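Some features that TrEMBL has for this protein:
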type	residues	note
ACT_SITE	Ser60	active site, acyl-ester intermediate
ACT_SITE	Lys63	active site, proton acceptor
ACT_SITE	Ser115	active site
BINDING	Lys228	substrate binding site
DOMAIN	278-368	domain 'Peptidase S11 D-Ala-D-Ala carboxypeptidase A C-terminal'
SIGNAL	1-21	signal peptide
TRANSMEM	377-400	transmembrane segment
Amino acid sequence: MKKYVKILVLLFLVCFSFSNAKANAVEEPNINAEGSILIDASTGQVLFGKNENKSFEPASTTKVMTALIALESCKLDETVKVTQDFTSIDGTAIGLLTGDELTMKDLLLGLLMESGNDCANAIAIHISGSIEDFSVLMNKRAKEIGAVNTTFKNPSGLPDKGHVTTPHDLALILREAIKNKDFMEISEVPYYEIVMKNNPERKIIVNNKNHMINKNSKYYYQYATCGKNGYTTVANHTYVAAAEKDGHVLVASFLNALDKNQNFHDMQTVFDYGFNNYSLVNLYKKNQEVSTYKIKDNLEIPLLAPEDINYYVKKGEENNVSSNITVENKDLSKSSFNKNDPILKGTISVNGKEFITTDLLAGESVDYVPLMSKKNFPVLSIAAGAIVGLGLIFVGVNFSKKKFKIRKRKH
């Protein structure tokens, strides 16, 4: 009888444990976009993904890259003259006319707030002279960011064969853009009036179409900081956005979604998933000594972390994180550098898996002086003089000894 009771108790405990684990398991978001991703902005870690490396058309989320290049290439108060007729351009336009003169800031506001395709083309032609040449810049910058599966054919996102990105690439592009202070400030403007510089009576009103930052919108999300949505009949609805809570910045992107309104709800769901279920673990503090490096037999220097290096884990797993750094092997025996100069690369692994590669800073200054350099000339002169002097003394002593022996023989 006791044996059966024990078996029943064990079965009960197993069932209870299973149901409890199931209850505590966190379900990943169920969203309407075919492709999506959520990444941490500081580390690039993927916190959630759905077809994140599949290619899709980005539609107007393309304009994030257009804006980034404009901000990196031009001054905000730079005057731009519209030299081509954009009145028949497909899709959304703010109504630019040939001959209009406005600032780059005006164009960027029309681009990011109202999603003006005429603004995108005006920016491209101002910077590169043509849509094709500007696309070359876009693709080059994408590769630099790490968006290696992205190809841009135009600055607006209008359908164009081969104009594609992935959810992961798109998130990386916005991650880069939000580092730019001007991009963030422009993205947060709710309403703006563009006044033509050459005709102050001609004005264009633009409104921000990113409903998640509009406090009067039913889609308002208090942690949203910026975003860009898009639509074409080929791409369907697309959206890329960033949000920040308690210093934790997340970036999410959706591609090929069928329901625009659901996109805004889904974006909030994905951000909440990240904020509520992940914790930050600090691996290394800025300027913390993380390793040492032997430059030569009698010289070993400390290596420092260039910034705070963090890692995100699911809540409850904070104590299960271990990290180590593998330092590249490089001959520094003939190098000079100052303290805090980046001198080596270090690959950080977390729980046995490669995480990131980062610069490592010198913990102290080293001044390499070649043997025959001007700096060493006085020392070498003294040394040479000493050697010559010793040589003369040696010769003199030997000469005296020989002379003394000759005299001895004579006597």
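Glycine is no exception: its Cβ is also placed from the backbone N, Cα and C atoms.
Counting neighbouring Cβ atoms within 10 Å of each of the recorded positions (Lys63, Lys228), the lowest count belongs to Lys63. Within 10 Å of the Cβ of the residue listed as 'active site' there are 27 other Cβ atoms, across all protein chains.
In this structure the C-alpha atoms belonging to Ser60 (active site, acyl-ester intermediate) and Lys228 (substrate binding site) are separated by 7 Å. Between the CA atoms of the residue listed as 'active site' and the residue listed as 'substrate binding site' there is a gap of 8 Å, rounded to the nearest whole number. A separation of roughly 8 Å, to the nearest angstrom, links the Cα atoms of Lys228 (substrate binding site) and the residue listed as 'active site, proton acceptor'.
The secondary structure of Ser60 (active site, acyl-ester intermediate), as reduced to three states from DSSP, is helical. This prediction places the mean pLDDT of the domain 'Peptidase S11 D-Ala-D-Ala carboxypeptidase A C-terminal' (278-368) at 93. DSSP classifies the residue listed as 'substrate binding site' as strand under the three-state reduction. According to DSSP, the domain 'Peptidase S11 D-Ala-D-Ala carboxypeptidase A C-terminal' (278-368) comprises 3 helix, 53 strand, 35 coil. A simple way to gauge crowding: the CB of Ser60 (active site, acyl-ester intermediate) has 28 other CB atoms within 10 angstroms, across all the protein chains here. Look at Ser115 (active site): DSSP puts it in coil.
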